[in-house]
Each structure stands twice: as structure tokens, then as C-alpha cells.
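Heads up, the thing below is written out as C-alpha cells.
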């Protein structure tokens, strides 16, 4: 990790704690909601997928909703203290928490690939925390306004808007129903701008708590309007993608593209990489790629049944032995052929 001043170090650890707690709350919310829905199904109530709304009377479902709200609030606050390049990738931990808790409380089987994916997510997150970038100090909305005037960010934002409009009005009607990348890309590139808005609003709320007159600053309201527009568009097209394609396909692809877009936007806007050494840059990317691999293993193979019968013979467990069958080398094909020819030759010599 790059060197931090005492104030920045405190903010960093506060943001890190908020990001991790956000993943715990969001991951746990899925389990609570699922438990509530299963309880209603066992009572014979009309299920949500059939248009029923009986879950509104189930306290477990409301507990899941509150947990989701607490997680999103903690994630929102984390952007005010820690770099977006750190907070966003740590969102993968919510997938890990959900997978682990579901195996205990929902009796959903977590196969070997899923367990390896969980370990890789933890390792990748740890590496990213160790090598987290130190962003430039942005402690006020006025400083944020100066960042937003940077030519590099203006070009990036314009590119995001133009590409999003092309995807929405040109590629979407033609290929949206066939190619998962169309709707996912719309959510991802717009998500990079929504995270920047969240970052600015978090700084503004932080100033408001300290007694500053933030509500009189036009930038605060501009960021709020932009955030509402970006999130509305993301929710719309993410729901379309989930309705058409399998969740196990949409989730990992969306995570990869969304996190990549956020890291790119954050690097351009906050210049997070300028003060980092080569080892920290390599460490950050290595951690990110490790998380991607873990998410892939968690989702791509979760429906595959992996048993001992699929293992090689020498790894299978015998009924009576502790370690299974001993390894027995198969005979060489050429040696077997020569042996047969020698045996045939000896038989010919006997009869001759």
C-alpha cells in the first residue's frame, strides 16, 4: 500500500470497513429474502414469480430488504472515504458471502469449483487492499468541481454518453435480444459515471455533516440529478439482461465490465495511479484478475455435479482403504505388442 498521512489512513480504513460491511449486509440480504419466500411457498401462498405479493407480510423478507438498504448505504458512504478503485472490486465479496451462507442456511450445494472461487475472491480482495491506490486529496465539492473540468475526464464522459446512446438506440433494438454484451455494456459504462456522482455526493454529505453550506452549491444538485438518471438507466437495462439471459452469465460479465469501467473512470478523474509504484500497479491488477477468476468459478460451474466418481482412479476412495486405490501404471502399448509377438513366435517354434 502506498504511504498515507494519518488523516488519510483513518479515512482509508473507515472506507475499507464500510465496503466490507456493505458486502456482508448485501450478501446476507439475499439469504433472508430467499428464506422468507421459501417459508411463504411452504404455506401455500401465491409465489412472487406468479404475481403474488404475500411476501410483504413476511418479516424475513423485510429483514432482507432492510439488510440490503443498510448495505447500499454503507457502500455509498465508503466512496466518501476510500478510493473507488478499492471499494468497487470489494463488491465481489457480497457474492462470496451469499454463496457461503446459502450452503449453510438454504442447503444449496457449494461444489469444489465454488469453494475454490471463494478462496480466490478472498485472496484477490486481500491483494487489492494491500496494493490499493492513493487518490489525490478531494475533500470538498469545490475540489471535485476542478476535477470534473479536467479535459481527460470531459473526453471520457463524452465518450461514455455517445457510446451509451449508440448502444441504446442502434445496437439494443438489433442485437439486445441475442447478445448479452449489449445491455451489460450499457449498464457498465453508465455505472462508471454513477460511481463518480456517488463519490461527489459522499464528499458533499461529509461536508454537510461538518457544517458546510453544501446545499447552496449547484454541483451537489447536478450530481444528484445525474445519479438518479444513471441509476435508473442501469436498473432498466440490467433487468432486461437478467430477464433474457441466465443470471450465471450476466452477473460475472457485468462485474468485470462494470469494475473495469469504474477503475478507468476513477484513474482519469482522481489520478489514482500517478503516485503508485510499479509493484502496487501490478498487485492491483493481479488482485482484480484473481477476483474475476474466483467469480467465474463461482458462477460458471455452480450447476455442475462434482463427485468422487469423476476423479481419476488413483484418487478415488476405496470402501475399505483410507486413501483409495493404489496407482497402477498401465502397460505400454508397444511393450504389450512386442510381448504378444514374442509369445506367438515361441508358439510357432514349438509347433515347427
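We number each residue from 1, going along the chain as drawn.
For all residues, glycine too, the Cβ spot is worked out from N, Cα and C.
Checking the ranges 118-137, 218-237 against TrEMBL, the transmembrane segment annotation falls on 218-237. Taking TrEMBL as the reference, the stretch among 180-206, 315-341 described by the feature transmembrane segment is residues 180-206. 180-206 is the stretch from 12-32, 87-106, 152-173, 180-206, 249-269 with the greatest number of Cβ pairs below 8 Å to the transmembrane segment (218-237). Annotation: stretch 87-106 has the most Cβ pairs under 8 Å to the transmembrane segment (12-32), among 87-106, 152-173, 180-206, 249-269, 281-301.
Away from its own ends, the transmembrane segment (249-269) comes close to residues 83-85, 88-89, 91-92, 95, 135, 147-148, 150, 152-153, 156, 160, 180-181, 184-185, 187-189, 191-193, 195-196, 238, 241-242, 288, 292, 295-296, 298-300 of its chain (Cβ-Cβ under 8 Å, at least six residues beyond either end).
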